[in-house]
């Protein structure tokens, strides 16, 4: 059978990885797919560098539109990133009747609905395994492996940079700023780490998972996003002594009681005995809770040239296999068919339900604890555990009060925190972190 | 679109679970698959019980052949188990042009080659996600998610009964026999637990994974199989103190240096810090090492009505989707196309390479350790660690010598063990367990 011809848009880290993996494992892949899959054209602004990677046998151009216009190209792989050129080229490729593979979570989370609608119209596939958790086949697990299930929630470590930073903070007892510098030096964090450390990258990925888990449109603008900037070593230590680890989790949860869906990214206390709490360094892991199968977990490298290429090439093979199936029988882009997407809304953060970890710097005097617990009780917040500790800077007459609560509606907690903050015996801004049991 | 009609052969635990999940989640599944999937006929020897499960709307018969003969049935699900009737009915269903879903690892590991050949001839699919690790979509990950990769090795906790027993032995410091009785009382082990505790069930599953990972035929008869019978609490304790847990692993590994494939099931020491070492109770987990993606891990429930049903139904949806693709473009049964299977042989156990844990009961006298280490050195076996401990039964003049070795060819180790066993200062049968780093 004739080879499937692939055109790459952008040959940076992931593009080079894809070229390398396809070349190195071409025989293994052909034995599986039944036909060869070959990159026959590459577009990159840096034509020289691109040519130095792929050699002379492959046509290299500066303009992605030449790739799209080539009638021999069956699949266009977009690895440019961002929303600008990438979006335009993906839409043009679709308009030209090409199947598309992309690793671009930002593009999908923000413009996915438009892109998938265009793809449906033209009867082409848009595959995006590489957009979430790198080489872990989590998109496939959600869209195909768990089709029997009503998915209840997903919680994932889906940003390697922040997990590396949190692991180092815990291991070495260091503060955020110090570890970030080290991560940048080691290449685990970019020069401008904003997208990672502020949780935006994780929120893109959580948005994609939320859509395919619950059959709703992409709604990145409704996601609640908090990063790990400002997280203090003291809280990691206290959490540890209470049996918890702090992880930056992307969480999405179906809330039948509120007829809505939670979609949020934030540092989260997780029981130390959970597998996901033990995922260290730059590794990723996603836990999925579903009604028939129960809990499943998927673990692996969430970034890097070859792990991401692994996902890109898996998509290429899938398209090679599925392009002969009638479009109506293919796996729907968003796991659920476009005509049966749900309009269940994303809930505002005030309506989400989690437990909380609070740290209050208080005056070391009689009645303080009583005033605080009374305030919590007045807001229907029940307490799971209380620790009193010398204040982290050892100031006389002050101490740290650490409180774990049971599940509560976030809005009530915010009101209670404001009330407690106003107490004269509360001497510093209250630290609050969400806690999930993930059982 | 017309509903896909499914006929069940056997409605025991998994069959009832499949009926329940398909019924409860029919709307969710239809939204994904684009058409309804309905069980319309059931065959079970116990017609009365079957009818009490599925009610009056579904035709119940005693003879599976009636289901196969029904021209309205699109997919036949075999949940009878074993090699006898199950094999005959699967082959008859294929001959009748039906697609088949089965959870029967024993049947596939032993007669898979014949079954897949028949299916190819008739152009039908035989899907078996439920055959390995219950609800974890590991077959899909191996056959589709990791298509870009050259898979290097797989190591899995793929039998929940034995993992439950090992977890309890470790937690409570109890011996095998005691925990087995408890497991039987709790329903984690069957009245006749032979298939589980002797490693046969795990070997069936390892055989299936080996075939689809490396593109080789099923070769259960070549698998090396050891169970956990006779495993002693003392060794679990010593392993723990050296930083290891003992797990029953199904392992298959490509050995480029020996032009062969290892396929084996045995109790294995694994570093305690590995995620898979922390998989407790009846849970399953599979680690896959592959050249592009690196290490990935898949975790979940390996048995039970609904987790297994989750996999059966996922297969039903896959067939619903793929049956319109031309057969040449479907996912090959064994992940690799039948015309490109490899004849790389399964290596005899003597040629496998692992590290070892040894426990020797020795006389407490000068020169003992020297004689033993000399014997190991003479067989090119290098030592990683040595512990001396009072003998577990506190006998005067005796002690236990615990040795961890580096990787060695098993044949050499067996010869060395025989030599050491013959020493007059070695007072009891030498305990030997394999150790894997899984890094």
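In case you wondered, yes, glycine gets a Cβ from its N, Cα and C as well.
Annotated active site, proton donor per TrEMBL: A:205, in sequence order. Among the features that TrEMBL reports, NADP(+) binding site is placed at A:9, A:10, A:11, A:12, A:13, A:14, A:15, A:16. Taken from TrEMBL, the feature NADPH binding site covers A:105. Per TrEMBL, the feature L-homoserine binding site maps to A:190. Residues or ranges marked as domain 'ACT' by TrEMBL: A:357-434.
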_Between residue A:105 (NADPH binding site) and residue A:205 (active site, proton donor): CA-CA distance (Å)_ = 6
_Other residues near the NADP(+) site, CB within 8 A of the CB centroid of A:9, A:10, A:11, A:12, A:13, A:14, A:15, A:16?_
A:8, A:17, A:18, A:44, A:79
*asked:* Quick check for the class: what is the C-alpha distance, in angstrom and rounded, between residue A:9 (NADP(+) binding site) and residue A:190 (L-homoserine binding site)?
replied: 22
*Using DSSP, break the domain 'ACT' (A:357-434) down into helix, strand and coil residues and give each count.*
23 helix, 30 strand, 25 coil
_Rounded Cα-Cα span from residue A:105 (NADPH binding site) to residue A:14 (NADP(+) binding site), Å_ = 14
*Expressed to the nearest Å, what is the distance separating residue A:16 (NADP(+) binding site) and residue A:105 (NADPH binding site) at their Cα atoms?*
19
*If you average the pLDDT over the domain 'ACT' (A:357-434), what number do you get?*
94
_residue A:13 (NADP(+) binding site), number of other Cβ atoms within 10 Å_ = 15
*Please report how many Å separate the Cα atom of residue A:190 (L-homoserine binding site) from that of residue A:10 (NADP(+) binding site), as a whole number.*
19
*What is the total of other Cβ atoms whose distance to the Cβ of residue A:10 (NADP(+) binding site) is within 10 Å?*
24
*Provide the number of Cβ atoms within 10 Å of the Cβ of residue A:14 (NADP(+) binding site), excluding the reference atom itself.*
25
